[in-house]
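**Student:** Structure provided below as structure tokens; questions to follow.
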Amino acid sequence: MDNEFIDISTSLKLQLGYGIGHVLNDVCASLWFTYFLVYFKLVLEFSNVQSGTLMLVGQMVDALATPFIGYHSDHTDNFWSAKYGRRKLWHLFGTICVVTSFPFIFSECVGCSLTHRWAQMYYFAAFIVIFQIGWAAVQISHLSLIPELAQDDHTRTHLTAIRYAFTVFSNLLVYIATWIILHITGECDKKQVGPSDSWKFRHIVFIVMGVGTIASLLFHLSVKETQNARSRQVLIDAEESGAHNLFIRKPLLYQVAGVYMSTRLVVNLSQVLIPLYLHLTLGLAARALAAIPLALYIGSLTAAGFQRLAPRSFSRKINYFFGSTCAMAGFVWIYFGSDHNYKEYFIYLVALLIGFGGAVMLVTSLALTADLIGERTEASAFVYGLMSFSDKLSCGLAIALVQT
């Protein structure tokens, strides 16, 4: 990076390069939140408590790792960070952890598939811990590049929207791949998911992770980050000004964290529980577990375009209120809907409402976080880590409570 902020609006290569830098995380997160409970409960036949406990372990590790990684990402200053970039160095570390651990989570226990379920939990928990540490490293390093690359609020919102657009495309990839794999069997329109479907999930993981790994490689080749004089001065200023302690003493930090945590609860819990709702409550076939989440993310894609085209006069509060109203309409409809027409047709409209509303809320809350950081980019990773801490811990506890 040059000594000044890069003009994002004139650098299409940088926009696209930055956007694809989180694709691997996004496809893994989509599989994790949408199909983790489905896979462990319906395919591996773990109990509700066992599958909920494993997800809680993952969320807690992620919650604890994010502020730790955020703090050390801000303070990384060595030979490798000077040559390669401190954010990209952590991104590379996280990518290696994700690639080497995540495929084992969606596979049967190697050499121990016949052992007791509680014994298998230790096996899966080990890979979940490695995956979540790596996922946190990629997420925090990627987010903390936003305030460093963009100076004004509108450009930061634009970059955040681009990032979320690639998140949506990543989720679409996962659901389309899932639908294709299920459709190939010719039974997805009638048969529900069961233990015989383990190999299908394994193929889905390898397909989408292959795309994600290539995207990460392109990110590292196209986005340049160098530890120049300005970056070194930022590290010195951070130590002298106590930027991290300054943020901790700000009441606004906890207000923004509350907004971000609430938003993530809406987005993540709907993504986790809707597949089980479709299977257990509505009794829909396997096809619905791909088609309806696909509709949800089509709504998210529409929201990304809406955020990009929204006039500057739209305040954060107006955007957030509009998004939360759409999401709430979808949840209320779920509470009252149960007839045949609802199951066959209206459930797709419900998914569109929830996807659109959740995406608007998420982009707005991320923009609020970037506003909070402002020009204090020396503490950006630490702030994003605190946000993610509140998000992961609350989601993990909520999911474990529901499963229990």
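Just so you know, glycine gets a Cβ as well, placed from its N, Cα and C.
Unlike curated entries, TrEMBL annotations are predicted automatically.
What TrEMBL shows for this protein is this:
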- 20-40: transmembrane segment (TRANSMEM)
- 89-106: transmembrane segment (TRANSMEM)
- 121-140: transmembrane segment (TRANSMEM)
- 161-184: transmembrane segment (TRANSMEM)
- 204-223: transmembrane segment (TRANSMEM)
- 252-278: transmembrane segment (TRANSMEM)
- 284-306: transmembrane segment (TRANSMEM)
- 318-336: transmembrane segment (TRANSMEM)
- 348-369: transmembrane segment (TRANSMEM)
- 381-402: transmembrane segment (TRANSMEM)
**Student:** Please indicate, using numbers and ranges, the residues of the same chain that are 6 or more beyond the transmembrane segment (161-184) and have a C-beta under 8 Å from a C-beta there.
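**Tutor:** Counting only partners 6 or more residues beyond its ends, the transmembrane segment (161-184) has Cβ contacts under 8 Å with 15, 18-20, 22-23, 26-27, 30-31, 34-35, 142, 146, 200, 203-204, 207-208, 211-212, 286-287, 289-291, 293-294, 297-298, 300-301, 304-305, 307-308, 359, 362-363, 366.
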**Student:** Which residues, given as numbers and ranges, are at least 6 beyond the ends of the transmembrane segment (318-336) yet have a Cβ under 8 Å from it?
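**Tutor:** For the transmembrane segment (318-336), the list is 259, 266, 270, 277, 303, 307, 310, 346, 349-354, 356-361, 363-365.
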**Student:** Considering only the recorded stretches 20-40, 121-140, 204-223, 252-278, state which has the highest number of Cβ pairs under 8 Å to the transmembrane segment (89-106).
**Tutor:** 121-140
**Student:** With Cβ distances under 8 Å as the criterion, find the stretch in 20-40, 121-140, 204-223, 252-278, 348-369 that has the most pairs with the transmembrane segment (381-402).
**Tutor:** 252-278
